[in-house]
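Q: Pasting the feature list from TrEMBL:
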type: BINDING; residues: 54, 55, 104, 132, 135, 264, 265; note: carbamoyl phosphate binding site
type: BINDING; residues: 82, 165, 223; note: L-aspartate binding site
type: DOMAIN; residues: 2-144; note: domain 'Aspartate/ornithine carbamoyltransferase carbamoyl-P binding'
type: DOMAIN; residues: 151-302; note: domain 'Aspartate/ornithine carbamoyltransferase Asp/Orn-binding'
Ligand code: CP
């Protein structure tokens with residue numbers, strides 16, 4: 001595996017191999033000394049042209065715990081703000097001898113484009129509304145640990161699907177691992193081409209949260225991405241919460257063993273009530289912890305050398 005740009009790049013065996021490595025990396029988080037020598041001498045650059053808390057910090061910690069040299073570049077504070085192109089920025093950084101680039105960019109397809117310009121391994125850390133493969137890996141890893149296996153499990157993904165790269169990567173990853181996925185959104189936030197009328201999407205769709213929740217083995221709430229909505233109809237916040245939010249009343253209908261996931265950042269009180277986010281069955285902080293382990297595993301498999309086979 002040279003790059004990780006899409007879940008489509010990975011076979012089921014490769015995903016399970018990453019999960020097995022992540023299990024070992026998870027154990028490292030509980031040690032008093034967390035450094036492993038696996039990437040000593042390697043250099044990883046995190047290039048974030050869009051804001052991030054979880055992904056950027058976990059990739060930085062992941063690289064450092066594997067003993068790589070890690071630097072961070074963001075749009076603000078780099079020469080991008082002076083008009084330098086993405087290609088010139090990437091080629092400039094790679095001319096310094098970089099082994100891995102972790103790229104987040106607001107344009108769909110940006111990570112794929114970067115991979116075509118450089119010899120370094122590229123990880124897509126979220127490209128526009130396209131994909132966020134490491135988020136999907138960490139979500140599936142979290143659910144697999146909670147549920148034992150994803151085979152035949154019913155996962156409900158609920159929220160603003162139109163603007164969600166997490167949804168696009170997650171349906172691929174979860175269905176590859178044998179889960180049955182139902183996606184739920186208001187009609188205005190259901191991507192075009194996906195809906196109850198679509199027969200070939202590989203997952204079920206619904207506009208009715210209350211019909212789907214009783215059958216769910218796991219629930220994944222997605223953020224309403226107001227920053228990506230430049231116009232058009234959107235339910236009011238109140239309408240959205242009443243129709244699609246994981247409210248206190250809906251939480252009461254879930255079995256206490258049903259994990260509640262959210263990739264973050266959350267709009268508390270909009271798509272998820274505080275009671276649900278903080279419930280004993282919430283897996284949200286487990287996702288964060290898993291994110292570090294999975295990103296350590298991804299960097300290891302991409303950069304550790306010949307012995308890596310994922
Ligand atoms: N889930 C996620 O990608 O969060 P950040 O934007 O904080 O990285």
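Cβ from N, Cα, C; glycine included.
Those TrEMBL annotations? Automatic predictions, nothing curated.
Please situate the listed features within the shown structure.
A: DSSP assigns residue 135 (carbamoyl phosphate binding site) to a helix. Residue density at residue 135 (carbamoyl phosphate binding site): 24 other Cβ atoms are found within 10 A of its Cβ, drawing on all protein chains shown.
Around the Cβ of residue 82 (L-aspartate binding site), the same chain contributes no residue under 8 angstroms that is 6 or more positions distant in sequence.
Mapped onto DSSP classes, the domain 'Aspartate/ornithine carbamoyltransferase carbamoyl-P binding' (2-144) shows 63 helix, 27 strand, 53 coil.
Per-residue pLDDT, averaged across the domain 'Aspartate/ornithine carbamoyltransferase Asp/Orn-binding' (151-302), gives 93.
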Q: Which Cβ among the binding-site residues (264, 265) has the fewest C-beta neighbours inside 10 Å?
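A: Minimum Cβ neighbour count within 10 Å, taken over the binding-site residues 264, 265, occurs at 265.
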Q: Give me the count of other Cβ atoms within 10 A of the Cβ belonging to residue 223 (L-aspartate binding site).
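A: A 10 Å sphere around the Cβ of residue 223 (L-aspartate binding site) contains 20 other Cβ atoms.
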Q: According to DSSP, collapsed to three classes, what secondary structure does residue 223 (L-aspartate binding site) have?
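A: Once the DSSP labels are grouped into three classes, residue 223 (L-aspartate binding site) ends up as coil.
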Q: What number of additional C-beta atoms lies within 10 angstroms of the C-beta atom of residue 165 (L-aspartate binding site)?
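A: Looking across every protein chain shown, the total is 21.
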Q: Taking 54, 104, 132 as the binding-site residues to compare, which has the smallest set of other Cβ atoms within 10 Å?
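A: Comparing Cβ neighbours within 10 Å for the binding-site residues 54, 104, 132, 54 has the fewest.
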Q: Report, as a single number, how many Cβ atoms besides its own are within 10 Å of the Cβ of residue 55 (carbamoyl phosphate binding site).
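A: Cβ-Cβ neighbours of residue 55 (carbamoyl phosphate binding site) within 10 Å number 25.
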